[in-house]
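Presented below is the structure to which this report refers.
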Ligand SMILES: Nc1ncnc2c1ncn2[C@@H]1O[C@H](COP(=O)(O)OP(=O)(O)OP(=O)(O)O)[C@@H](O)[C@H]1O
Ligand SMILES: [Mg+2]
């Protein structure tokens, strides 16, 4: 369980300080896919980066499995980070390393012997469907393939939590659905709790069990995905749903995976998001 307890986050110091997260209280349960949905600048990345302490909360606490990790340093921080994998919109692979050596990198940091590193990386490559790509470099892969490598690397240390920050935003709608399927499979088969940041209703609806909608640094609503979509309460979610539906009726542009939200083809404008 990941818990945010009256969490606040400000950037800047003294008179320049401005608070971007205001009194966040949230429980993310073990084994679920939890969505953080919101517009650009809402505070999604900041919130999720407080889980692995890439950002330090200014006030309040983060608890993982009941342990207050807010002020973790040294070995405790290293242990926390190795139990949490993270993937990003722009993949963040090491360009000078092969696919295999991208995946072994976190294991090198933990001084895992070379033969074990290689064996683990090969198993993970197989899991993400890239067994034949071990010796390639990131620049020789498509975006979807690069994200698969990033997913394999994020899994290297056998994390119990995975943070996905707009992991499919740079991908087309077909590739998005494939990556979401992979993440769902990892969630189910490896019992990894997933925290999925997205601004896309379609992505949220496709993969998330529950969602928190964040606006201006506040959680404006949260709940089971279907309940939220069927009966949105906040103005922002109502507006997003209306706008996605209008776009679908116009036929959409096929780029935002909105049309694929319910499995319909990217060019099928007949299905609504809700
Ligand atoms: N390092 C930083 N220093 C100062 N302000 C920051 C910093 N990082 C983010 N912010 C500000 O905090 C607010 C929330 O940013 P954040 O990146 O968390 O939003 P987001 O919801 O992830 O947006 P996006 O969808 O564009 O990624 C924004 O106003 C942003 O300008
Ligand atoms: Mg962000």
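All residue numbers here begin at 1 and follow the chain in the order shown.
Including glycine, each Cβ sits where the backbone N, Cα and C put it.
Annotations in TrEMBL come from automatic prediction, not curation.
Among the ranges 219-246, 247-274, the one that TrEMBL lists as region 'Disordered' is 247-274. In the predicted structure, the domain 'ABC transporter' (2-241) carries a mean pLDDT of 96.
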